[in-house]
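Chemist: Below: one structure in structure tokens.
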Amino acid sequence: MRPLFIRNASQLVTLAGSSTAPLVKEKMNELHIIENGSVWVEDGKIAAVGTDEELSQQFQERIAEAEIVDATGKTVTPGLVDPHTHFVYAGSRESEFAMRLSGATYMEIMNAGGGIHATTKATREASKETLYEESKRRLDQFLLHGVTTVEAKSGYGLSIEHEVKQLTVAKQLDETHPVDVVSTFMGAHAVPAEWKDNPDGFVRVIVEEMIPKVSELGLAEFNDVFCERGVFTPEQARIILEAGKAYGLMPKIHADEIEPYGGAELAAEVGAVSADHLLRASDEGIRRMAEKGVIAVLLPGTAFFLMTKAANARKIIDAGAAVALSTDCNPGSSPTVSLPLIMNLGCLQMGMTPAEALAAVTINAAHAINRGHEIGSIEVGKKADLVLFDVPNYMQLIYHYGMNHTDTVVKNGRVVVKSGRLCY
């Protein structure tokens with residue numbers, strides 16, 4: 001592989017210095033920007049970072065052998081990281097959009113057989129090949145929007161056979177697509193129709209059958225639960241998360257999205273890597289998360305699409321908890337792949353600064369999927385995952401919403417998007 005020399009960026013936003021822990025409080029505003037910055041890449045890794053003058057001198061005898069990427073007038077950031085998605089699914093749910101506009105709530109639609117249950121039916125019925133192709137198209141769109149690593153949850157199978165099918169497709173995508181796919185088992189996404197009269201029985205199936213099988217096959221790193229009234233209680237969620245820990249699956253939790261339900265407190269209790277949503281989390285729950293180092297993954301696109309009040313990122317940041325942002329890409333409550341849009345919503349709806357929003361989709365998002373040591377910032381030794389945005393500064397990326405500013409994407413030192421087009 002030829003060396004890659006990315007030269008003369010208007011802004012090189014490195015976010016250097018937080019590979020061992022996420023950024024918190026005022027540190028989220030410290031982006032460590034290099035004007036007229038350049039990056040030298042060797043064998044898929046970042047080998048040097050500095051001004052163009054510094055690197056041109058350092059590598060003057062090797063520039064002729066390198067592939068040159070001219071970043072003049074552009075902003076270079078770490079590859080974006082999406083730490084919470086449900087992008088491996090079949091079907092679509094645009095009919096529910098009209099239902100919600102007529103006044104139906106998320107839980108009303110779900111209890112009527114729509115929502116997660118509708119996507120479960122479509123995903124169960126889809127062949128593995130169909131599921132792969134539909135999901136690959138979404139993954140291509142993530143890449144075109146600057147995402148180089150994405151978390152993918154199961155949870156639209158809700159049986160051993162179909163959960164394994166979803167996770168197998170996610171693994172195949174990780175192996176065949178430039179974007180790294182980090183898998184989360186979420187058999188506890190909903191209680192399927194066949195278990196609606198015996199939810200505790202379904203919990204036993206998750207604990208005694210699904211988790212052991214997923215662990216045996218090596219299909220996931222994390223274990224997630226939708227802890228909400230009418231879905232899984234805190235007691236049921238605790239059982240599922242502790243069972244996952246026993247099999248080496250790190251806990252995550254969908255917490256306090258619809259009402260304060262003790263999800264944030266439970267996340268702190270079980271040592272979750274992250275607690276996600278948190279629209280209605282209690283102050284005490286947030287305090288405990290901050291104390292235990294649980295990352296708050298906030299999903300403003302979901303609140304926007306469901307027309308509800310978003311989580312209070314300002315309060316969570318000021319409380320000392322690390323904050324990441326994510327699309328929550330899914331067919332029912334956030335059908336988007338655009339992290340730049342999510343950054344804009346994080347500022348407008350959640351009280352974040354633009355710098356905090358960018359940190360939340362790079363280094364903090366990387367820590368939310370246990371990858372902060374290898375991605376999320378532009379530092380020597382890390383993966384050469386980089387994005388060139390066709391804007392002169394990072395503020396424009398967030399301010400000028402509604403269009404895709406991605407020009408070039410580098411994944412593991414290889415150009416995979418050029419002039420806004422896939423080239424892998």
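Even glycines carry a Cβ here, placed using N, Cα and C.
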Chemist: Among TYR156, TYR424, which is the one Swiss-Prot gives for the N-formimidoyl-L-glutamate site where ASN330, GLY332 also bind?
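Modeler: Among the candidates, Swiss-Prot records only TYR156 at this N-formimidoyl-L-glutamate site.
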Chemist: Hey, Swiss-Prot has Fe(3+) bound by HIS84, HIS86, HIS254. Any idea which of ASP197, ASP200, ASP318, ASP328 it lists too?
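Modeler: It is ASP328, as the record lists it for that site.
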Chemist: Can you find which of ARG93, ARG414, ARG421 Swiss-Prot lists as binding 4-imidazolone-5-propanoate at the same site as TYR156, HIS189, GLU257, SER333?
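Modeler: Record check against Swiss-Prot: 4-imidazolone-5-propanoate site with TYR156, HIS189, GLU257, SER333, extra candidate from ARG93, ARG414, ARG421 is ARG93.
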Chemist: Find the longest CA to CA distance in the recorded 4-imidazolone-5-propanoate-binding set ARG93, TYR156, HIS189, GLU257, SER333; express it in Å as a whole number.
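Modeler: Among the residues the record ties to 4-imidazolone-5-propanoate, max Cα distance equals 20 Å.
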Chemist: Tell me which of the binding-site residues HIS189, GLU257, ASN330, GLY332 ends up closest to HIS86 (Zn(2+) binding site) in space, Cα to Cα.
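Modeler: Checked the binding-site residues HIS189, GLU257, ASN330, GLY332; minimum Cα distance to HIS86 (Zn(2+) binding site) goes to ASN330.
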Chemist: Sort the binding-site residues HIS84, ASP328, ASN330 by C-alpha distance from TYR156 (4-imidazolone-5-propanoate binding site) and give me just the closest.
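Modeler: That would be ASN330, the closest of HIS84, ASP328, ASN330 to TYR156 (4-imidazolone-5-propanoate binding site).
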Chemist: C-alpha of ARG93 (4-imidazolone-5-propanoate binding site) to C-alpha of GLY332 (N-formimidoyl-L-glutamate binding site): distance in Å?
Modeler: 6
